[in-house]
Amino acid sequence: MSKVIVVGSINIDMTMVTDRLPRIGETILGDTVNYFMGGKGANQAVAAARLAGDVRMVGSVGDDSFGDKALKHLKKEGVVTDQIKVEKNIFTGMAAIFSIQADNSIVVLPGANGLVEVGENFADLVEEGDIVLAQLEVPLTTVKQAFSIAREKGAKTILNPAPFDSGINEFIDLADIVTPNETEFAGMLDRDIDDSEIEAAMLEWSQAHDALLIVTRGSQGISYVREGQVLSIPTIEADVKDTTGAGDTMNGAFAALMAQGSPLEEALRLSSIAATLSTTKVGAQTAMPYPKDLENYRKA
């Protein structure tokens with residue numbers, strides 16, 4: 001079975017639950033606060049590892065208690081961490097997440113994530129048929145280098161352009177698959193789009209690029225372009241508690257399923273279900289599913 005290699009961020013998530021965001025100059029009382037392991041890269045690595053994947057992670061943490069805790073957590077989840085560096089004199093990345101009525105707003109402090117590099121032995125790690133998955137909470141130059149090496153080695157590359165940065169235009173053609181949400185896709189187009197325009201915009205983008213375009217659309221499921229058509233996979237119903245990490249779950253699960261040889265539509269359908277299941281508890285990784293959680297849906 002092929003490996004999933006995640007190049008990405010590792011954070012500690014501080015999640016504050018509140019009814020609304022404060023206005024400028026206003027102080028409000030929240031309901032609860034929780035600390036979770038997070039970072040888009042770590043979230044996606046855990047989501048992939050929980051589906052019995054061979055998952056390696058390239059990243060950085062600070063030489064602090066949070067970094068030590070993050071490494072122990074990733075190892076416990078089955079992620080191979082020997083490509084994660086412990087950096088001196090800098091803190092482990094953090095994210096302040098405001099959870100408001102089943103939605104969220106996030107402020108990220110990159111910390112050690114800003115120092116993530118592709119090491120000299122990365123080329124030895126990547127093999128033909130592997131999946132290299134990256135996001136944009138680490139330096140763009142690192143993602144570009146990782147994708148260049150992956151292409152040379154015959155691996156498949158998946159770019160989750162989050163948080164969006166227009167700098168991806170310099171290397172987006174190194175991505176075999178691109179997985180934005182609707183906001184990030186608008187950034188890729190450099191213009192605002194609404195629901196009535198999104199399918200035409202997806203076809204327009206796909207005509208100009210070779211990558212498979214997959215747009216995650218929240219409660220509307222997933223849309224993707226296949227042979228000149230926009231196809232959609234609806235989401236399942238769930239008791240949504242926290243959407244933090246839903247997109248990361250989809251990306252990690254999708255990468256794992258592709259590495260296992262699942263057909264595209266099946267991988268998308270199950271990764272969409274995995275993303276929805278991940279929203280049923282508070283915390284990005286708390287409710288990420290295991291194979292047994294998807295088994296009934298495989299048979300559906």
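Glycine residues also receive a Cβ, built from the backbone N, Cα and C atoms like all the rest.
TrEMBL entries are annotated by machine, without manual review.
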Query: To which of ASP242, ASP248 does TrEMBL also attribute binding of substrate at the site defined by ASN11, ILE12, ASP13, GLY39, LYS40, GLY41, ALA42, ASN43, GLU137?
result: ASP248
- request: Let me know the model's mean pLDDT on the domain 'Carbohydrate kinase PfkB' (1-289).
  value: 93
Field: Cβ neighbour count within 10 Å of ASN11 (substrate binding site)
entry: 31
Statement: Note on K(+): the CB centroid of ASP242, THR244, SER278, LYS281, GLY283 has further same-chain residues inside 8 Å, namely PHE36, LYS241, THR243, GLY245, ALA246, THR279, THR280, VAL282, ALA284, GLN285, THR286, ALA287
- line: Expressed in Å to no decimal places, the gap between the Cα atoms of GLU137 (substrate binding site) and THR244 (K(+) binding site) is 16
Message: Run through ARG217, ASP248, SER278, LYS281 for me and report the recorded positions whose CA is within 10 Å of the CA of ALA42 (substrate binding site), in sequence order.
response: ASP248
